[in-house]
Amino acid sequence: MGRVEVTNMTKTRVLSRALLQNLVAFVLASEHQDLAGTLAITFIDEEHMRDIKRRFFHEDTVGDVVSFFYGEDPDGVWGEILVCVPRALEQSRERGVPLVEELMFLVVHGLLHLLGYDDDTEERRRLMMKRTEELLAVYRKEEVRRRLVEQALRAREFAYAPYSRFRVGAALLSRDGRIFTGCNVENASFGVTMCAERVALGRAVAEGAREFVAIAVVSDGESFCFPCGLCRQALAEFGLDIEVLAGARDGRFVVQRLRELLPSTFSFQGV
């Protein structure tokens, strides 16, 4: 896809260009679209929005988002999304969600209009709202995964691996949203070596965490790094539905459930 150009004409802090670039790229990929050129996203006030509604829609109202499709142009602006920040603030309070969530919702909604979706009937409106919510749910999950892998990559930098020269980092996400990191710590007595996953798990348990959602594991290698058998068993003590993000040094990762990596798990029930 092309680039995203962001303008904030209000005094309210809005979404960053990096976030919007990622969000737009995700939606376009999900909708199997690859539009060249520039998408302009502008955050405006109520007066500006009312003027736009009067001039282009012949309505004396203040909407929350409007979109204009100009036609694909590799060298120009192919579309524009204008978001009314005061309306977004009002709606975020009504829905009980952070402003950032409401702004993301409106941007995705506006982008879907550019891709051919419409809400001119109740049925189309329902389908468009559903698709917007589906895309945001998947995007949030992917962002959490990406952040976990980034944390694991940072943790890897602290690894103590003078013998194998194989550095590993891990980031473990608890149910309450906390992230615990760990790195491998080698020892001259090889059996004493601690894996990154179990270091992260130990930190989490010491901080009172008992329920976990996902763990990211990365190494210096080009291939995806999966937990060893000992680490799989250690994690299984706290649930087999934990997502394992096996990452590579360039940030790519694959996802599997722990139960897939450790079938026929040994548990207390087998004692």
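Our numbering is plain: 1 for the first residue shown, then up by one each step along the chain.
Glycine residues also receive a Cβ, built from the backbone N, Cα and C atoms like all the rest.
From a predicted model like this one, the values you see are computed outputs, not experimental measurements.
What TrEMBL lists as active site, proton donor is Glu197. Around Glu197 (active site, proton donor), the same-chain residues at least 6 positions away in sequence with a Cβ under 8 Å from its Cβ are Ala170, Leu172, Gly182, Ile215, Val217, Pro227, Cys231, Ala234, Leu235.
In the three-state DSSP classification, His113 (Zn(2+) binding site) falls within a helix. Residues or ranges marked as Zn(2+) binding site by TrEMBL: His109, His113, Asp119, Cys195, Cys228, Cys231.
Here TrEMBL flags 143-269 as domain 'CMP/dCMP-type deaminase'. Broken down by DSSP into helix, strand and coil, the domain 'CMP/dCMP-type deaminase' (143-269) contains 42 helix, 33 strand, 52 coil.
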Least surrounded, by Cβ count within 10 Å, of the binding-site residues Cys195, Cys228, Cys231 is Cys228
Across His109, His113, listed as binding-site residues, the smallest other-CB tally within 10 A is for His113
Relative to the Cβ of Asp119 (Zn(2+) binding site), which residues of the same chain, six or more apart in sequence, are found under 8 Å away? Arg125, Met128, Met129
Looking only at DSSP and grouping its letters into three states, which state does Asp119 (Zn(2+) binding site) belong to? coil
